[in-house]
Amino acid sequence: PEGGTRPDVNLQDVLSPNAIGPLLNNPEISSALFPHLPSNIERSPEELSAVVNSPQFAQALQSLSLALQSGQLGPLLTQLGLDPSAGNGVEAFLRAVQEQAGRRQRDHND
Amino acid sequence: MVLDRIGSSVFTELIRAFNVHGTQVEEVWSLDTLEDLKPIYGLIFLFKWQGGNDSSRLHPDADLSIDENVYFAKQVIHNACATQAILSILLNCPMINLGTDLESFKDFTKEFDPDNKGLAMSNSELIRGVHNSFARSDPFMMDSSGSSSSEKEDIFHFISYVPIQGALYELDGLSAGPVNLGPCTEDNWLEKVRPVIEERMARYTSSEIRFNLLALIKNRDEVYRTRIQEIEGRLHHANDTNNSLELMQLRDEREDLLRQIEFERIKFKRYERENSLRKHNFIPFIYNMIRILAERGELQARIEYARKETTKRIRERRRE
């Protein structure tokens, strides 16, 4: 039963390999992501693409989606500089990151 | 746990984390290949758990009494069953070198009753540490209260089959006791276990329940190297007697074993990679990916795409 609330989105759809694959060839983007790979994975666009296509990454996206939907992520969101209310679902989280990026760009331009 | 998280790579690293040497876990794709995997110390049957009854009801006449030769622990916490299944084999195989940590755990708990053995497992720092390093890398899923989520993840249950002192046992931490399936020897236990597993497979195939069979076997690299040594002895002999046909066959055999060793090496490299990805905390990676999309002005379009996909899935589910 969904009631009046709109069903939430899934991070696996937002960050599907098809959508983000082409971005990984951009050197600026790949070098921003390298520090967040496991330490024993080679820092190359090919490896980055293999990771994004791995079942383990898909699993991580699913786990994070479920955790965001169950609203257990308050402390983590604070760490990322987001409002704890961003933990009420995947879409709320994405919007919070969007706003954060917008704020940063405005600060930058001032 | 989810099926892709509990293949042979997970089990092989579980064993290594316990400091047990000389063994590995292989997936059994067909019961006809069991012979090729010898020596097999034990088998693990895993399937999607339906909840409710323990598995011993499949053998209503079997002897469930506690035998002091059998290390049997009741399952206390549900999601530790992969760890418990591998321990059921390790702690019942005198020919496996358990290493000091696990050996002293076994010594300490061997007089306990099954409930207390299970409790001791869930309280052991060694076992908890090994288990937790696999359960989740993400801090938020560590407690079992995550079941409040709307899309539940599949839960799998594991049962072990081990020959112990002349009898074949089915060990399921949810059963009242170890299920004695009748006498067997080290040589014929695989023949005896085959119909038992076939019956389970038939049952789960007909009800479309996913299942998988894994074997705890002697380390392949060691097995192949021992064989190469034997071949080299025979090569020596064939050289002395100038037996050219035998020489050729032996060299081919040696070549083949060297290829297998290389194949194992590559496989273990792959396991290592899978395990490091599985244990990695991907939240910073995912967050930065989303942030980059937002800064590039592409996030809105991705959200809209994802929303369409969700709607599509809901519609499909309704149609079913």
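For all residues, glycine too, the Cβ spot is worked out from N, Cα and C.
Per TrEMBL, domain 'UCH catalytic' is recorded for B:1-218. According to TrEMBL, the site 'Transition state stabilizer' annotation covers B:Gln75. If you look up TrEMBL, you'll see B:Cys81 marked as active site, nucleophile. Summarising the annotation, TrEMBL assigns active site, proton donor to B:His157. Residues or ranges marked as site 'Important for enzyme activity' by TrEMBL: B:Asp172. The coiled coil feature in TrEMBL is assigned to B:228-274.
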Q.
Can you tell me the CA-to-CA distance separating B:Gln75 (site 'Transition state stabilizer') and B:His157 (active site, proton donor), as a whole number of Å?
A. 11
**Q.** Distance, B:His157 (active site, proton donor) to B:Asp172 (site 'Important for enzyme activity') (CA atoms, angstrom)
**A.** 9
Q: For B:His157 (active site, proton donor), just count the other CB atoms lying within 10 A of its CB, please.
A: 22
Q. Relative to the Cβ of B:Cys81 (active site, nucleophile), which residues of the same chain, six or more apart in sequence, are found under 8 Å away?
A. B:Gln75, B:Phe156, B:His157, B:Phe158, B:Gly173
Q) Across all chains shown, how many C-beta atoms besides its own are within 10 angstroms of the C-beta of B:Asp172 (site 'Important for enzyme activity')? A) 27
Q | Secondary structure of the residue listed as 'active site, proton donor' (DSSP, helix/strand/coil) | A | strand
